[in-house]
Amino acid sequence: MEEPLQEDLATLSELNEKSLLESLSQRFKQDKIYTYIGDILLAVNPFKYLPLYEKEVSERYKFHDKKALPPHIFAVADRAYQSMMGRLGTGPMNQCIVISGESGAGKTESTKLLLRHLMELCRANSQLEQQILQVNPLLEAFGNAQTVMNDNSSRFGKYIQLRFLGTSVKGAKINEYLLEKSRVVQQDEGERNFHIFYCMLAGICPDDKDIYGLLEPQQYRYLNGTSLSDDMVNRWSKKYADVCNAMDMVGFEEQEKVDMMTILAGILSLGNIMFEPGEGDALKVTESSVGWLKAAAGQFGVQEEELLKSLTCTMSVTRGEAIRRLHSQQQAEDARDSIAKVAYGRVFGWIVSKVNELLAPNVDPDVELCEIGILDIFGFENFAVNRFEQLCINLANEQLQFFFNHHIFLMEQREYKEEQLDWEVISYKDNKPILDLFLTKPIGILSLLDEQSAFPQATDRNFVDKLNSKFKSHPNYEVVRSHSPTFTVVHYAAKVQYNSVGFLERNRDTIPASIRGLFINSVTPLLSLLFAATISRTGTLMARKAKLAQIAEDNFNSTRKQSVGAQFKHSLGVLMEKMFKASPHFIRCIKPNRTKSPNDLDSNFVMDQLRYNGLLETIRIRRDGFSWRPTFKEFAERYSLLLLKTDIPPNRESCMYILNNTRLTGWTCGSSRLFFKYWHQAELARLLDRLGRAAIVIQKNFRAEICRKRYLQLVEEMRRQMQAQREEEERLQRKEEEEMRKQLLLEEEKRRQQLIEQENKRPVSPPVPLPRKKKPEPRPRSFFSGPQSAHLAPVPRPRSKLFEATPFDNDLAGPAHEERAKEKHKQRRNTIRWFRETQAGKVVQNGEFPCWFHGMITRRQAEDLLTDKPLGCFLVRVGQSREGYTLTFRGASRCRHYMIEMQCNGKYVILGEDRAHPSLTDLVQHHTQVGIKPFMELLTVPCGQSCDQQPDYEELEYMLPSPPEHAHRGPDPVAQELQGLFMPPDQTSGALHPNKPPVLRRISDHRRQLDALSNQQQANPKDKARPRLYPSIRLAMREIQQLQQQFSDSAEQTGVAPGYLWAPGKRTDS
């Protein structure tokens, strides 16, 4: 049956609910989970692995033709990227991808896939792409949790802004919305706390658990006594390793990670503190909670007495007099839980702020960057008990539905009416009244909530009574007759009943003033920073560098406390403003069933989602409507190239002329703009691409002709120079020969005169024959001396820098070359200094460099060393012009060179890899088992030194703590005798170095000790970063364990089954 398997539902001949559902069901049975509705992607969660996201698939969807490949989420990423670059019908502009759907519909996984493909599209051989990809698993661990609807539910919303310059990504920014902090202290049945707590308890080794003060998960009240099976421990342990690697990749410091984990451990310990009445009206902690109080104080880096005082009483100053108000037991427990929620919320906000700081674009502020935004926000929720967080989540989904309706229905049909097109209006479910119910001032639900939160004596019942009196006649509000304070809102997706218990307290989100002062003075720097930081109008932690700019942008007095509802309302407004300025792409995620079962599509459940999302109306408007509506000017400026003419006036006639030459059909013309179907953009882009390819061919041939002419000119110039050189050499040689001949004649005449004079003075004697004069040897003739040498074959001479440069030498000699040589020498010196100051202690092992380390050799030298080596042989060398290393590998066909980058936190990463390493040795060992991407090649044999007497790293050899060649030599007796003449009588000669004076010996010994200590610390990084008060934490944990052992022993003696010192029980929102 062909029709139900249409890849684009807008092409269905018969459009109704039955045909729509049948088409989706048939595709789902064949594992075709993606379907188009025009330019909108419909994605059904398969709840199983499908081979749709491999490397080969990603390559096919790079710069692809939409009609040539089936629907895919990679196609949406490709279309957004091409649109941002201005290659699909419109000029370059910002893009946003909106992912919506129910909780558990697959929004988070879709975000990961979009990010991955975008990074593939803009790959620019930098580490930034991998850092951006690592942000998602990091935020997922701290912001996601298991709910009854989804095992990996996002308990916060995020808008990821990718910043591009040209075709490459230059930075990223994360905007987070409404973290569900109440989950830290309370989870409903079948739900869990945030993932990071289980990752910590499963992944941290026992020795480190002792340092952090962590026990088994069932010991903690905030985790509801959850125990982990062996399979879960393995899974969470792997997740913890991924989180630590993500933090290393992004650039978190080791001490920051330790402080963060210590704070999280303190939150867990804080939850186990219970109170009981003490002397008078004062409270005290129970006997079983004393150890937990000590542990929490040590983990937070504060005094135990100060923490207890902040939990059990409130200090206020009235008319200069300090007044102490004691808490009731309920108030003390509320203060304890509020500290845990605020501390976790600020840790999460700090992570987002730190990521934004590390991934900020490193470009000139005046440079304009393009942007692609991805919105991954919590899905619509309707639980058995819906609280304040569900109200905010569903409000955000109402806002997204309004954004979708505005772009797909409202704005489009309004333009049809304004342009006087013949159009039958398509009705849709407008949710603007629901938004007004929540957001209208001064009588919206959020405004009334803020009003009631301002009164200390107001209760949740007062708030609901106020809502009932104001909105009892509103069509989207229903009054609930119940003993508990509840009310019902009719949302676009479903009718939801909200339990308002705790609404006011959660909206206020206050902590005791004494707690803020206590934590600001904490000895843990991170905790002090978190509570001293400024909170913006949107409720996010403001980065230090961006604080002044953010205050100016928000125009907000940070000393005024805003409610959570007001912050969320403002952040939604900022988000919508960003999205309305961008060109949107929509992905609608569908959940096939409620039980998260693969291969099961519940028709009624899916149909409900299709109805409230308005997808039937969306298909109708995409089939009959015109999604692309450029003005005459925009179209003429963009597509005048199709006429191969210049200076085309941007008016209606020019547009008609262009379109008549393209043979497109199905478009129409209004009074001020053109109207196109969603597929017209791709057709016009294909025509432009054809001209672009033709232009490239023309440019190629034109440039080839220009280069050929230039080459012939240079050859002719070289010949003229060589001819002139030959002629000049011949002239100089003739001149030298002439001068030599004259000189010889003069000398001959002079000798003849001398002989005559001697003959006249000498007595007459028989003549004696004179010795024959030796003729001067002829000078060797020049190669270009004349036609006689024409029969000699030219002999190629070796290239030398002493020879005069030719026009092809690109200034190999001269001042420019000297400057480059000086700059190269300077870079080399700087690299050696960098290695000596920061790397020598990390690379040296047991007093010498590893056999695979070859110092600062060139690329050619490295390749020569590996020429006759087996496959998999490798070496590591220092970069000559940059601060980093290069791994040279002997491949099957040639040598490969992998750049090793140094992260800002001191970690080592092979460019393009997704794993950071604490040392080069760890990196090498890892890749002996895991191949290096993209060829997945394993390191097998290290390449040794080329010569034992003169190693390749001789420039760096003096940095070794103890040179190997002097290790076997004994003391020089002559030096010892001379030193003995100047030694104090109380010293022995054996204490002195034979080759150094005593002062220099002491200096070198001290330096060697420091180097050894540095190497030891590098070999054991855990010794460097510890919690600030870890001795106090360990003592507290021993006290807790002793008390638990006593409890277990007494339980065994009385015959009672041993249990824990607390029971989760049933907790209320109050």
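From the backbone N, Cα and C atoms, a Cβ is placed for every residue, glycine too.
Just so you know, TrEMBL annotations never went through curation; they're auto-generated.
In this model, the domain 'Myosin motor' (4-689) carries an average pLDDT of 87. Residues annotated as domain 'Myosin motor' in TrEMBL: 4-689.
Taken from TrEMBL, the feature ATP binding site covers Gly101, Glu102, Ser103, Gly104, Ala105, Gly106, Lys107, Thr108. Sequence-distant contacts of Gly106 (ATP binding site), defined by Cβ-Cβ distance under 8 angstroms and a gap of at least six in the same chain, are Ala43, Asn45, Cys589, Lys591.
Outside the region 'Actin-binding' (572-594), and at least 6 residues removed from its termini, the chain residues within Cβ reach (under 8 Å) are 24, 28, 37, 39-47, 73, 76, 79-80, 83, 90, 93-102, 104-107, 110, 149, 159, 161, 175, 177, 371, 373, 375, 379, 395-396, 399, 403-404, 407-408, 538, 600-602, 605-606, 609-610, 613, 615. TrEMBL lists 572-594 with the feature region 'Actin-binding'.
Annotation comment: TrEMBL describes 708-752 as coiled coil.
Annotation source TrEMBL lists region 'Disordered' at 755-829 (among others).
Marked as domain 'SH2' by TrEMBL: 852-943.
Per TrEMBL, region 'Disordered' is recorded for 1045-1070 (among others).
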Residues close to ATP site centre defined by Gly101, Glu102, Ser103, Gly104, Ala105, Gly106, Lys107, Thr108, Cβ within 8 Å: Asn45, Asn150, Gly379, Cys589, Lys591
Other C-beta atoms that fall within 10 angstroms of the C-beta of Lys107 (ATP binding site): 24
Nonlocal residues around Ser103 (ATP binding site), in sequence order (Cβ under 8 Å, 6 or more apart): Thr147, Met149, Asn150, Ser153, Phe378, Gly379, Phe380, Glu381
Spatial neighbours of Gly104 (ATP binding site) that are distant in sequence (at least 6 apart) but have CB under 8 A: Asn45, Met149, Asn150, Ser153, Gly379, Lys591, Lys596
Cβ neighbours within the same chain of Thr108 (ATP binding site) - under 8 Å, at least six residues apart: Glu140, Asn144, Asn152, Ser154, Asp376
Tally of residues which DSSP labels helix, strand or coil - the region 'Actin-binding' (572-594): 9 helix, 8 strand, 6 coil
